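Asker: This structure is in structure tokens; I'll ask about it shortly.
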Amino acid sequence: MLGDIGTLVLQGTMISAVYALIAIGFTMIFGVGGTLNLAHGALIMGGAYVFALLSRSVHAAVAFPVTIAVIALLSWGLYQVLVRWVEENVVITFLATVVVAIASTEFVLYQFGGSPIGMTLISGAVNLEPYGINARTRYVQFVGFVVSWLAIGLLWYYITHTDDGRSVLAASMSERGAQLTGVDLHAVRSKTWLIAGALAGTAGVILGSTGGATPLMWLNPLALAFIIVVIGGIGSIKGSVIAAYVIGFLEQFTVTFVGHGFRGILSLVVLVVFLLYMPQGLYGREFAHD
Amino acid sequence: MTDPILEVDDLNVYYGKSHALKGVSLSIDEGEIYGVIGPNGAGKTTMLNAIAGFVEYEGSIRYDGADLARVSPQQIVRDGLIYCTEDRDLFPYFSVHENLLMGAQFRDDRDAVQDDLAMVYELFPRLDERREQEAETMSGGEQQMLAVGRALMSDPDVLMLDEPTLGLAPVIIQDISDALERLSEQGLTILLAEQNSTFALRHAERLSLIETGEIELAGTSAEFHDNEYVREAYVGVH
């Protein structure tokens, strides 16, 4: 029992950091451009496949940053080529990103088939049995945790301590205000897509390394991002981090004490409760579109 | 000798079928306070929005020799033509200090930005006392001061103010009033759009009266004071 709790805390702490990465990217794009990017999950999947392919020929330490850069550019490209032309219309943007998500899935299915492709960011595991932790914790989970928090920390510093980053947050509060202070809205939106892409790519590599790359691996993370963003408050980065931890721990709790099959149920219950009683979320105030 | 720093010539703006501005022309000299008065809905805000590049227009707007039709809104800001809107458009969840920093976000000269911060806090001591307070939680008057302060952080050559006294208490209006006088003495050019004609007449050297999208009258402050129509229709009420 005690060991279960130790495992729960450890696993929850680590997986929640990755969820936070995914949710932050998702919420930033919504906060700044008002776009619900359903292709966000496809970028996560893209990260896993790009890394799987690259790591066959180069060392993982090289493949990881290259993958992040590739996915960041893909995300940026998605904005420049498609989204920026339709973003004024919420429904069309929504549908366009759904099409991109499904097309990417079909493409991956066609190219690589439906079976999981294994990949290793870092191999090996640590045995924590002597410390009362039941599960063997793999190194990749630790790396995922550290990298995720590094990314979150960098992003936090960027948006709170630099003029450039503050403009991103400012644009999510008041577009007109941002224009009045000389912010180039198009540049800010492009930057958000670039950042969200980098975060999605990072998450993709970590998720792929723990569970393998599959064509539909993006579905669950995207659904979780949705739930996390609603609970945290749409557009709020701080809220996303906190809600990611709530959801991550809930998930681990269910897996440990209820059963693997019920993994997503409790999160959905919490989502419904929030939608009914606190639709603005924990930190919904940062979402303030005029 | 003074050159016009901002010239609006035959400005027309349409909202769908309605003709919001009908051939408005005016020119503003460097260093002056120019007032635009007129009732609500006359087109004052529309004119400022056109100058700032927020609405489509016909006609020409020249600022510092350049045709603004070819300049993006953010470049207009960088060139020192700063617009303080009636809605203020502050960043509600940023502190006073962060809002002011946003005003200077495109400037690279950190020392000059620090000097301007000190200047704004000295100009509006109320902002100094509330540096860490979120803009959203402040009173209307404090928000107006913050909006002006943020505009000043952009190092303006021309400041466009839309209804800076609307809904404010007389004591706050006096503070804004004093600030405008000081800024004007320092050489700032101000384009002041006001329904509050008394306030505009007190500060502006030259004025225009806009009614239903057209300039009905233009002249010096003294001419406006002596004009029977202006006195009866606009000044008497306040």
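Cβ atoms here come from the backbone N, Cα and C positions, even for glycine.
What TrEMBL records for this protein is below:
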type     : residues  : note
TRANSMEM : A:12-32   : transmembrane segment
TRANSMEM : A:38-54   : transmembrane segment
TRANSMEM : A:61-79   : transmembrane segment
TRANSMEM : A:91-110  : transmembrane segment
TRANSMEM : A:139-159 : transmembrane segment
TRANSMEM : A:192-210 : transmembrane segment
TRANSMEM : A:222-247 : transmembrane segment
TRANSMEM : A:253-277 : transmembrane segment
Asker: Quick check for me: are there 3+ Cβ pairs below 8 Å between the transmembrane segment (A:12-32) and the transmembrane segment (A:91-110), leaving out pairs under 6 residues apart?
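Answerer: No, the stretches stay apart by this measure.
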Asker: Cβ pairs under 8 Å with the transmembrane segment (A:139-159): which stretch of A:38-54, A:61-79, A:91-110, A:192-210 has the most?
Answerer: A:192-210
Asker: Among A:38-54, A:61-79, A:192-210, A:222-247, which stretch has the highest count of C-beta pairs below 8 Å with the transmembrane segment (A:91-110)?
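Answerer: So the stretch in question is A:38-54.
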Asker: Count, for each of A:38-54, A:61-79, A:192-210, the Cβ pairs lying under 8 Å from the transmembrane segment (A:222-247), and report the range with the highest count.
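Answerer: Comparing A:38-54, A:61-79, A:192-210: A:38-54 has the most Cβ pairs near the transmembrane segment (A:222-247).
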Asker: Excluding the flanking five residues on each side, which residues at least 6 beyond the ends of the transmembrane segment (A:38-54) place their CB within less than 8 Å of a CB in that stretch?
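Answerer: Sequence-remote neighbours of the transmembrane segment (A:38-54) are 22, 25-26, 29, 60, 62-64, 66-68, 70-71, 74-75, 78, 94, 97-98, 100-101, 104-105, 108, 112, 117-119, 121, 196-197, 200-205, 207-209, 212-215, 217-219, 221-222, 225.
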Asker: Which bits of the chain, at least 6 residues beyond where the transmembrane segment (A:192-210) starts or stops, bring a Cβ under 8 A of a Cβ in it?
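Answerer: For the transmembrane segment (A:192-210), the nonlocal Cβ contacts are 18, 21-22, 24-26, 28-29, 32-33, 37, 40, 43-52, 64, 67-76, 78-79, 83, 117, 119-122, 138, 140-141, 143-144, 147-148, 151, 155, 168, 217, 221.
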